[in-house]
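A.B. asks: What follows is a single structure, and I will ask about it in a moment.
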Amino acid sequence: MYSVRLWAARHARLFELTYRAFEPVIVKLHPLWKSVGYQRAEKPMGKLEKLSKGLLFDCQMCGQCILSSTGMSCSMNCPKTMRNGPCGGVMQNGNCEVYPEKRCVWVEAWEGSQKMKGGDTIQVVQLPVDHRLKGSSSWLRVARGASDQKAGHKEASK
Ligand code: SF4
């Protein structure tokens, strides 16, 4: 898994393009999620997300994905779960002070972001992790968020 995770960050541009194609589909499926019920859709979608992102990114299912802002290197794999850049313990060779045999997640994140078109979002300060969302599907959260936003715009323009 570790080598796949490294590979994914090194092909961050490919995954950025994939996500850009995938996100609108998930959002467009809002009527389906709504008819099934977002709560009901959680289980199968969560499983699917865990399987696919677990395989590629060692996803820890934090429920609030920021992969596209971290060069496709999941910050939840940092042993200190640093969400806004590395701690002060990165070794000179770019490895982690807790697991010296592994690369620092944030070194990988920075390198990944340099390969991406929207890699500048690595500069955005992330909110602290909301642990209540752990285990939930961030895909469904994106779909619901986008449709709520759309509904809000419609309401405002009335
Ligand atoms: S940021 Fe969260 S949802 Fe995204 S890959 Fe990492 S643990 Fe999974």
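Every residue gets a Cβ built from N, Cα and C, even glycine.
Below, the features straight out of TrEMBL:
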{"type": "DOMAIN", "residues": "41-131", "note": "domain 'Methylene-tetrahydrofolate reductase C-terminal-like'"}
A.B. asks: DSSP-wise, what's the residue breakdown of the domain 'Methylene-tetrahydrofolate reductase C-terminal-like' (41-131) into helix, strand and coil?
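C.D. replies: Residue counts in helix, strand and coil order: 40 helix, 2 strand, 49 coil.
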A.B. asks: Averaged across the domain 'Methylene-tetrahydrofolate reductase C-terminal-like' (41-131), what pLDDT does the model get? Just tell me the whole number, please.
C.D. replies: 97
